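For 4-59, the entry in TrEMBL reads domain 'ZZ-type'. Feature annotation from TrEMBL assigns domain 'SANT' to 65-118. Look at TrEMBL and you will find 67-114 tagged as domain 'Myb-like'. As annotated by TrEMBL, region 'Disordered' applies to 307-332.
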């Protein structure tokens, strides 16, 4: 008697529990795969009858010699998982297949059977035919595909990452350039009844989104290349590591500010090379003008130029000394000319330089000044001794002249300020 739960072929009596073919028109007619493929007929059953494939879940697609003993049910779950979770998510795929399979077993089985096995060799060609290559933009250009290559994360501290809103594992910021770019594709979906115009419109949205991503990545590359993040944080490490450069002139700084819009089209090295070339051109032009000046002066050898420069330096030095002497002499002449109106009058030699200036400004002769000075000092001394005295100032001395002379004598210390 047949064991309970087992199924047998009605034609050859072989066990067909794992896989059998059941006739949909005859009752209790189940055949093994060998008899079904040979077209076996028994009783009222005919080979052209409809059939139904009955799988117990223990049938192996790769034969009993395949490693792991994967059943057809597990193979079906594996294919469903690879379509649902994608290649590489082995943990999710293992959980979908069943608890009996580990992520490592799922990966090894899929790679060995579906990629490197006969099925993979038959379906995956060695070289992809008709592969399209983008030749419209060179690598490294403003919108080239190479700009989407991820860069290493920035070397900044955790506090600085929080300040910038920077996520190092993703190399992203909390607020990116064109933050709403994802709204172009967030609502897109492909439907089987879409018309050609709708499909092209959706492709245009995807193309716009890709361009925005490339522009976002390009701006990140510019910030890294020109070291803008450390400069924003106030610690430009990159400049400290660079060797000392030449001193930048004020004109070059202004020119760099004017050419800032070129930063987006040139790398930092190319921009520095541009200004280095301009500086070199300026130096060469100056050297050419110097050599032309030597040639105009009849100098044809570099050895002669050294002697020429030394002689020129001496000539310029003599001119400077001569000019300084002339200026000094002119100053003295001007000073002498200032006292030309009173220098020949009697009593001029008794005056100090300040008194000479005072007499010249007041148009007062030295003799009269000495008389007025003597009277004022004598009256001052008598008042200090308590002797009453009456001022006997000359009639030619008006109030303005008297006040100027009193102020001068007070400032010079001849009389006290109270007496003035």
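Cβ atoms here come from the backbone N, Cα and C positions, even for glycine.
Just so you know, TrEMBL annotations never went through curation; they're auto-generated.
Small disclaimer: the values here were computed from a predicted structure and weren't measured.
Secondary structure by DSSP for the domain 'Myb-like' (67-114): 34 helix, 0 strand, 14 coil. The DSSP breakdown of the domain 'ZZ-type' (4-59), given as helix, strand and coil counts, is 6 helix, 14 strand, 36 coil. Here the domain 'ZZ-type' (4-59) has a mean pLDDT of 84 out of 100.
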